[in-house]
Ligand SMILES: Nc1ncnc2c1ncn2[C@@H]1O[C@H](COP(=O)(O)OP(=O)(O)OP(=O)(O)O)[C@@H](O)[C@H]1O
């Protein structure tokens, strides 16, 4: 027989291959190529391993063998690469099963338990069994999706460290379930939140390995190109291995708009990217761009574009319009209203502009510039109100002071004059552009068949109106990913009132791929005490949010003053070996502090690279920026400095405490979320510093 074979590669095997020397990796690649062409060619020496006729070995090179699982017909799964001498040792160590719940194929090399130090303690030492999961029967654990061959080991687990060791090689669902139970979630909760979402969509035949390998729960690669990338190490895991709960969302057909939430690093952006590719591939070929992939700002959009190309290639990129939402608004205005002002002002300047307007155009006013700026931005532009009548009837849920009709009349007059004053200078703000674009888009034809939105929590009502107008309501029309715990701009919306109905189509991701358990625990303390919404008038939380990654405990340290704190930064960098490869970032609450840090680094001869509005200027050096600038980025190590009371939250918001308590709460919450965003950009290590009184958001960590 000389048929071509299909060779899948098991996730764990691929990880092992990644660790091989260049030469051995090359040999594996060549083996794969030959094997696919003809698995029975004599040089490969394919033979069944004694004990199980589905397990086979084949020659990779003189002293290296591939371990394969014959799935049936001409399909094989590469499950390991071993030195020739150990291939025949203890063949019982390979356990493979089709998981009854997910229908995915699971392969476990039980030897990996024997050879690890902690593994030895798991089965070698006599530990009091049943300590961790004694409350559940075997049947219950199996029904949740725990791999049956691992039950004896699960019964021996005595502490979290051993559970974490097991997480390195156990199948995904087993790990997810055990950690959720370990973290105290109830059986029913775990069943509903973890097991049920990854249940096979079809009937599972546990003997049909070929059907199993095709199910999303099977962590395997097949694609030639992907393998070449893997061996060349320039390929990232997220491009192939989606968690089954991620894949489900990517591939599911929704009967309307859908929303995916989840804590930092749970792969929302990854899901949004895969979703865009999935949708693009469902559509007939063409030359237009039927899909919009959008996000909050320019550098996030640039990043999406790069990653979309890596994932789907130029062909997909040519069918997906990747643009940040303000640029989209600008395009619409240029197309339909060419006489609109050309100069766009940053919304940060709005209070200053109102001050100048009142001083130069109005004189004494009963209204403060701050009040008017906030009313105009949050209520008038925030709700995209375009008429006096609309403003009279507007709800003002996040504004403290009530306004009578006569007051509203005055505020509306002033707002109109303010807009005319700006316009006379050829200027308007980005928020105004969005509101105008929403009105223009509402009267123009739909441009897209699908819209995918990342960082959804930060979009304004006007942005949503634009998006709603650009895609006809229907199945899979809008797919939104975001986390309201990370909202750092003042845009709170109820999607339902904007014609976007996500009811019954919300899902949450819970497994962090970025941050260690230690960093995550510290970050969760920061947001504890805030209130978070679901973009639709309800509330949201991060229940079940967890990480399987381990790392050092975050460092929390205070200094007497800023000069001393700058010293802490330098010492911390030195402790980390002062990496200059762009793997470390320092972030602070204000631009002034960022400049100080840059100056200090330069004085120490450490190359400092500013994180600008479009991301870091360069890839190397130590990156420095404000906390806002860290949105959407990630680093191996992060120093969050200047986390002092008065800076986080900002001193200036205290004036609203009595004057406008709702606004005070909103502003405080934004600052809290900003600190949360900054802390959760760190993959492996985090250090948080302050001077004077620590930020109240640090809770127990400041002591
Ligand atoms: N299935 C996966 N396999 C491997 N890595 C993954 C997977 N999903 C996500 N990641 C990695 O986890 C990290 C975080 O992913 P991503 O940025 O999509 O998360 P997010 O939920 O959008 O985070 P945030 O809300 O903080 O912006 C990235 O480095 C990404 O490559």
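The first residue you see is number 1, and the count goes up from there.
Here the Cβ of each residue, glycine as well, is placed from N, Cα and C on the backbone.
What TrEMBL says about this protein:
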BINDING   262, 263, 264, 265, 266, 267, 268, 269  ATP binding site
DOMAIN    241-516  domain 'UvrD-like helicase ATP-binding'
Mean per-residue pLDDT in the domain 'UvrD-like helicase ATP-binding' (241-516) works out to 92
Listed in sequence order, the binding-site residues from 263, 264, 265, 266, 268, 269 whose CB sits under 6 Å from ligand 1 are 264, 265, 266, 268, 269
Fewest C-beta neighbours within 10 angstroms among the binding-site residues 263, 264, 265 belongs to 264
Comparing local Cβ density (other Cβ atoms within 10 Å) for the binding-site residues 266, 269 points to 266
Surrounding the recorded ATP site, with Cβ no more than 8 Å from the Cβ centroid of 262, 263, 264, 265, 266, 267, 268, 269 and those residues left out, we find 483, 509, 512, 513, 514
If you count the other CB atoms within 10 A of the CB of residue 267 (ATP binding site), including all protein chains displayed, you should get 23
Three-class DSSP assignment, residue 262 (ATP binding site), comes back as strand
